[in-house]
Structures are given as C-alpha cells and as structure tokens.
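Report on the structure given below.
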Amino acid sequence: MNPFLKLVRIHNVIGAGLGAFTGYVASSMWKIDPTELILAVLVVALVDAGGNAINDVYDVEIDRINKPDRPIPSGAVSLRTATSLSYGLMGVGVILSALQGYLQFLVALLTSVALIFYARDLKRTGIYGNLVVATATALSLFYGGLSYHEGDWLQRIWIPVLYTFLLTLSREIVKGIEDYRGDLANHVNTLATTRGIASAWRVARVALIITEVTSPLPLFLGYNILYGIVLVPFLYITTKAVLAETSEEGASKARSLLKGSAFLGMVAFALGSLPFQFLFHYLP
C-alpha cells in the first residue's frame, strides 16, 4: 500500500466519509443537493485523514517498537512530512466546511482540535480518550445531517449519531482489552489496565446492550421496513460480540465483529431513509 494512504488509514477515511453520507441521506430522506453532500463527505474525510496522520506523529516512539512497519518509523514518510500533511489535511477540511456555513465550520474546527489533543494528550488517559474517539466518530454522521440542515433533520439524525457513539465507545474499550498486555507494559492507562478486564468488558457490554434494546425505535420514528430487515443481521453480529469471551482473545474477536456492526448500522439508516414512494416505484 502507498505509505501516505497507510499513514492516513485510508480504510478509516472511507468509513468516515460513508458516515457523513449516511448522516446526510438519513436526515434528508434522500433529498440530495450534490454539492452539499460532496462537501460533507470531503470535509469529514479530510479531517479524519489528518487526525489519523497526527496520531502516528505522536505515536512514533511507541510505533518504533510495536509497529516498526508503520510509515514514519519505517522511514517511508518523514516525521516532518507527516506533521505537515496532517495539519494540511485538517486545514483544508476546515476551510471547505466554511463554505457550508458557520455551524459546519465550528464542528469541523472543534473536531480537528479534539483529534490533535487526543493524539497528544488524551489517548493514554483511558475512558476520556475513548469518549473523544466515540464523539468524533459520531460527529461524522452528525456533520452529514448538519450539511442538510432543513426541516426535522435533527429529529432524524440524533438516533444514528447516538448509536454510532455507543458502538464506537464499546469498540474502543474492547480494543483496550485486546491490547491489555502491551498497554500495561508501556504504562498506557486504559479502562482495562486501570479497572481490570472484567470491568472494562462490563462497560462495553452495557453500551452494546443499550444499543440493541433500543434499536427498533427508529421504526417508530419514520424509518422504513428496510431498516428492520438490515437490523436482523446487525443484532445477530452485535449479540455475538456481547457474548464473546471475557478475555483478550475474546476482545479481538469482538472488535472484528463490531466493525461489521458499524457498517450494517450505516446501511440500515441509509436504506431505512428511502421514502416510500421511491420503494414502491421499484416494486413489481
């Protein structure tokens, strides 16, 4: 893979862009303004790419030991280039957000600042770092909805934003459990290293169960039957994550499952937002 694509974690960038797309179509019910949608996806993708790059900048010393094949420690990308690229990407994203409005600009700016502080200070603070990542990820969908910003957009977007927050929070806690031994050796404070694996698992499971129990709610708030159809595999995969073994190995399995849950969640809200007249038009 190209070292710059690896540096920005291109798969995460694509996921963030899809989040913005989902947020826009969910809040607008597919009443798409192509310019606003493209800007929303670009802003979110650029800010996410910059945040991922700055994360590697501040992790360079740890990566020299744990992940020497990452672009900076391997020498494929210099530290100076990576730093300039990260700030440049976030800067372009923030500038583009100003074209959409002051609220969009404010969200993009604050998210960029939060990602910098996360990489520099908050990543090793345990639950606080997890909360920052979960909030930033949920804001991808929120930003998409904000880019539409008409009618009852907020009523339609708050549930997918909340579910994204809870799923991401669970995944970040589970990732801390998976990395327990390495984090303990490197004095990294995570929920698992400070409170124990069992306690960390308990918090992650509570967040997932809240998501599962309330997941039918969108069907009563205007989302169509396609949401319910996609909800079935979502619940199956998420339940498997909840029931994973309370161990580092179980955490590794759960983290992979939760990536699938996140993707299915976006699909559910995107398809569930299609207006009925659109669905009936394509029925035989």
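One-based numbering along the chain as shown.
For all residues, glycine too, the Cβ spot is worked out from N, Cα and C.
Summarising the annotation, Swiss-Prot assigns transmembrane segment to 10-30 (among others).
Beyond its flanks by at least six residues, the transmembrane segment (37-57) meets 7-10, 12-14, 16-17, 19-21, 23-25, 63, 70-72, 79, 82-83, 85-94, 96-97, 99-100, 104, 108, 111-112, 115-116, 118-119, 123, 136, 140, 143-144, 147 of its own chain at Cβ-Cβ distances under 8 Å. Per Swiss-Prot, transmembrane segment is recorded for 37-57 (among others), and the stated evidence type is sequence analysis.
Sequence-distant contacts of the transmembrane segment (76-98) (same chain, at least 6 residues past either end, Cβ-Cβ under 8 Å): 3-4, 6-8, 39, 42-47, 49-54, 56-57, 60, 104-105, 107-109, 112, 115-116. The transmembrane segment annotation in Swiss-Prot covers 76-98 (among others).
The annotation transmembrane segment is assigned in Swiss-Prot to 102-119 (among others) on the grounds of sequence analysis.
Summarising the annotation, Swiss-Prot assigns transmembrane segment to 126-146 (among others). Tertiary proximity for the transmembrane segment (126-146) is limited to same-chain residues at least six positions away from its ends with a CB under 8 Å from its CB atoms, namely 16, 19-27, 37, 40-41, 43-44, 48, 51, 103-104, 107-108, 111, 114-115, 117-118, 153-154, 156-157, 160-162, 164-166, 168-169, 172-173, 176, 189-191, 193-194.
Annotation comment: Swiss-Prot describes 217-237 (among others) as transmembrane segment, evidence class sequence analysis.
Residues annotated as transmembrane segment in Swiss-Prot: 260-280 (among others).
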Folded-back contacts onto the transmembrane segment (217-237), same chain, C-beta under 8 angstroms, at least six residues removed: 155-156, 159-160, 257, 260-261, 264-265, 267-269, 271-276, 279
Tertiary contacts of the transmembrane segment (102-119) (same chain, 6+ residues out, Cβ under 8 Å): 43, 47, 50-51, 54-55, 57-59, 90, 93-94, 129, 132-133, 135-136, 139, 142-143, 146-147, 149
